[in-house]
Amino acid sequence: MKLPIYLDYSSTTPVDPRVAEKMMQYLTPGGEFGNPASRSHRFGWHAEEAVDVAREQIADLISGDPREIVFTSGATESNNLAIKGAAHFYVKKGKHIITAKTEHKAVLDTCRQLEREGYEVTYLDPKEDGIVTPQQLKEVLRPDTVLVSLMHVNNEIGVIQDIAGFGELCRANKTIFHVDASQSVGKIEIDTQALKVDLMSFSAHKIYGPKGIGALYVSRKPRVRLEAQMHGGGHERGMRSGTLPTHQIAAMGEAFRIAKEEMASDEVRILALRTRLLNGVNDMEEVYVNGSLENRIAGNINISFNYVEGESLVMALKDLAVSSGSACTSASLEPSYVLRAIGRDDELAHSSIRFSIGRFTTEEEIDYAINIIRKNIGRLRDMSPLWDMYKEGIDIKSIEWSH
């Protein structure tokens, strides 16, 4: 067993060796290194063929059409293209947008930018389990609602939203519906037709592919139009200019192909490991699972260990690569905005750790993690005056601290 143990699959995944091997075939002089837009020689033809195959593999996993796949640099760009592109193109319908407070920053900050441009954004509050209900959406949908953007699976707490329910409402209201599926694709079934989704964002590096490549599903039936955010050679049917990186695209296609084949078996194994981890720690005092345990992807468990500072906990668990907050925002010491949105107080939000398990996690690693967590939580609590006060029955919330 190699230390540290990687339990941060929600922030990124290692590239599957099969994917890396595929990627290498499109880089070197001996491989197919051509520009897919070069139509006058075999180097270009072969590269274009590889891109076409990858498009099919990606579409296959989400029950879409290959012509509905637009390649981008990742889910952040896909989210920007979807939200700004649709809001600008359909501005005549209205300037009202709906999203949720627990979305990824790539969605929230894009919506904030549109607010600066004069759009009105409604932010839905999730329930305590992290779920947003179709009823909540129904109550705020308006005739001038141009776009709804709601994630499929939350990156911090792993809860699964009712995308089909939202899709029905948006379709009936003639509102464009965008879904950030970077945390769900390859982990749970996605059928874009059944879900009535217009736009859907994906990233390769959350599904054992390389970083720097993603895609946006853009529905053809009903046809959705977007205003381009990147201008140049008119690649990707004018929606996203820039030379296509064949090696990254082929690798993303391979990652999606493997996911389609192995998703069911991966889920069973990963869920067993998560259950093992949770059973190993949940008999400890003041341990809280954040977000719904029922409506949740197999690989995510987010736990608050009360009376322990999250930052000191991460330091103490130095042999475990885990995250406190999401990777994109954990550089700041603010408590997680996702946990605050579901009603966790600052203390519990600060003491939260996200464990995310993946394809290469072993039982031995989980057992080691349980051992190290139990040992260190006890040690850190022994050093905490708050823990002593709690054990003495003092209500900490009733104390007024002098500044």
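Note: Cβ is positioned from N, Cα and C throughout, glycine not excepted.
In Swiss-Prot this protein carries:
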type	residues	note
ACT_SITE	CYS328	active site, cysteine persulfide intermediate
BINDING	ALA75, THR76, ASN155, GLN183, SER203, ALA204, HIS205, THR243	pyridoxal 5'-phosphate binding site
BINDING	CYS328	[2Fe-2S] cluster binding site
MOD_RES	LYS206	N6-(pyridoxal phosphate)lysine
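On the structure: features taken from Swiss-Prot.
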residue: ALA75; record: pyridoxal 5'-phosphate binding site; Cβ neighbours (10 Å): 27
residue: THR76; record: pyridoxal 5'-phosphate binding site; Cβ neighbours (10 Å): 21
residue: ASN155; record: pyridoxal 5'-phosphate binding site; Cβ neighbours (10 Å): 26
residue: GLN183; record: pyridoxal 5'-phosphate binding site; Cβ neighbours (10 Å): 27
residue: SER203; record: pyridoxal 5'-phosphate binding site; Cβ neighbours (10 Å): 28
residue: ALA204; record: pyridoxal 5'-phosphate binding site; Cβ neighbours (10 Å): 31
residue: HIS205; record: pyridoxal 5'-phosphate binding site; Cβ neighbours (10 Å): 21
residue: LYS206; record: N6-(pyridoxal phosphate)lysine; Cβ neighbours (10 Å): 28
residue: THR243; record: pyridoxal 5'-phosphate binding site; Cβ neighbours (10 Å): 12
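The binding residues for pyridoxal 5'-phosphate are recorded as ALA75, THR76, ASN155, GLN183, SER203, ALA204, HIS205, THR243; their greatest pairwise CA distance is 30 Å. Cα of THR76 (pyridoxal 5'-phosphate binding site) to Cα of LYS206 (N6-(pyridoxal phosphate)lysine): a span of 13 Å. Rounded to a whole number, the distance between the Cα atoms of LYS206 (N6-(pyridoxal phosphate)lysine) and GLN183 (pyridoxal 5'-phosphate binding site) is 7 Å. Looking at the residue listed as 'N6-(pyridoxal phosphate)lysine' and ALA75 (pyridoxal 5'-phosphate binding site), their Cα atoms lie 10 Å from each other.
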